[in-house]
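Take a look at the structure set out below.
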Amino acid sequence: MARSIPDRWIPYKACGSIIEGTRMICFKVPLKRSVQVGKPEITEIWDIPSLIEAIPGLGAVIDLTNTARYYDPKELEAAGVLHKKILMPGREIPPENKVTEFMDAVDEFLGVRSDLIVGVHCTHGLNRTGYMVCRYLRDRVNIPAKDAIERFEKARGYHIERKNYLADLLGEPPHSPDKGRHTEVQPVQQPTRRGRQQSEQDSFSTEFANFRPRNGLSGHHSRQARSDTASRLQNYNYDYKYDY
């Protein structure tokens, strides 16, 4: 397989559903169309236009991959979607300053508009994404860690694979990062009957009804943040080995 396609990217479905009680949705990284066309193993193109079409109301994207090679964020910005880049190596528990940066970004984006949906992705939209989203739900929304994990996994459709991420979320003794180990895709078994028939996008719970961000995100600040991110990315030396 061409190096342009990330390891294990193809088996995961492109996008999950809105996480219960939130305005957050998770998906695998969109790739440039040019690296997908002509590959028989890819049956559906997943690029920025596909992402925007798939999620009506998407207003912001937080990118947790440890590289800038996958897509051009200007495509999102041209569609009116805010973008935040947080460089995060895979398989390792991130430092607290990265977690705080993520949680602050979510708060700011959610405060832009009452119906804005925040999208989060890493390479597969599963492990780093799941850890950071569950940290937000646990630490900012006061959802118990076990419930946060269940909500994320149900919405994304897969179980979080990294035992060190799960242990940290649950306050259990730390596990060593599982670098070098083969990981199997673990889909979540969905129930055959759903207790509620309403749309996922209409299921925002009262946990967010009175939400107020700590800091608003003005147009000036969002532009400045994008400029600062672009400056950092220009000089970043990427290591792709564990970007999954």
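Every residue number used here counts from 1 along the chain in the order it is shown.
Quick reminder: no glycine exception, Cβ is built from N, Cα and C everywhere.
Unlike curated records, TrEMBL annotations are generated automatically.
Residues or ranges marked as domain 'Tyrosine specific protein phosphatases' by TrEMBL: 100-167. Positions annotated as region 'Disordered' by TrEMBL: 169-232. Taken from TrEMBL, the feature compositional bias 'Basic and acidic residues' applies to 175-184. Residues or ranges marked as compositional bias 'Polar residues' by TrEMBL: 186-208.
In this model, the domain 'Tyrosine specific protein phosphatases' (100-167) carries an average pLDDT of 98. Across the domain 'Tyrosine specific protein phosphatases' (100-167), DSSP classifies residues as 41 helix, 6 strand, 21 coil.
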